[in-house]
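Visitor: Before we start, here is the structure in question, set down as structure tokens.
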Amino acid sequence: METHATTILAVRKDGIVALAGDGQVTMGQTMIMKHAAQKVRRLHDGKILAGFAGATADAFTLFELFESKLKEVRGHMVRAAVEMTKDWRKDKYLRKLEAMLLLADREHILVLSGTGDVIEPDDNVAAIGSGGPYALAAARALSRHSGLDAETIARESMRIAAEICVYTNDHVTLETL
């Protein structure tokens, strides 16, 4: 799936998880529509962080579905993600949604792909969106070769992604657990 207009990054280090997202919304390939969109939010009484990349309406549909699954499984993020992706794969309308979610709680970081996969990274760093590869590379390097904390790694990695990706800006929303 091709995603534009965003970078979402999660970093866990020393027991802290940070989830960051830029604020740019791009219409097509030629126009920036918004600079300060909120693509990162807290779910389940603030215990889970979530960010999205892709079509906004589709992402909100996925947020709603995920939140309903969270309630069903009493806040267990991994189980809710797996249950949601089962529905995602089975439902012919959900399969057409063009969005991805990046989820984090104190123990796990998960990517829910546009094809209904649940992926947990090996190295406590994950990113989605058009600037995701740049933010991911920066975050991995900073995690491995610096004494920076999760929040600083996330902010600096997002700054680097914004310098490279034309669909990402430096208006960053960052949440931590």
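Just so it is clear, glycine is given a Cβ too, placed from its N, Cα and C backbone atoms.
The following feature annotations were taken from Swiss-Prot:
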type: ACT_SITE; residues: T6; note: active site
type: BINDING; residues: A162, C165, T168; note: Na(+) binding site
Visitor: Quick one: which residues besides A162, C165, T168 have a Cβ within 8 Å of the Na(+) site's Cβ centroid, in sequence order?
Guide: T7, D22, Q24, S130, G131, Y134, A135, M158, A161, E163, I164, V166, Y167, N169, D170
Visitor: Using DSSP with the three-state reduction, classify A162 (Na(+) binding site) as helix, strand or coil.
Guide: helix
Visitor: What whole-number Å value do you get for the CA-CA distance of C165 (Na(+) binding site) and T6 (active site)?
Guide: 9
Visitor: Have a look around T168 (Na(+) binding site) and count the other CB atoms within 10 A of its CB, chains all included.
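Guide: Other Cβ atoms found within 10 Å: 30.
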Visitor: Can you tell me how far the Cα of T168 (Na(+) binding site) sits from the Cα of the residue listed as 'active site', in Å?
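Guide: Answer for this pair: 5 Å between alpha carbons.
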Visitor: Given a separation of at least six residues and a C-beta threshold under 8 Å, show me what packs close to A162 (Na(+) binding site) in the same chain.
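Guide: Residues satisfying the criterion: T7, D22, G131, T168, N169, D170.
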Visitor: Taking the Cβ of the residue listed as 'active site' as centre, how many other Cβ atoms lie within 10 Å?
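Guide: I get 30 for this one.
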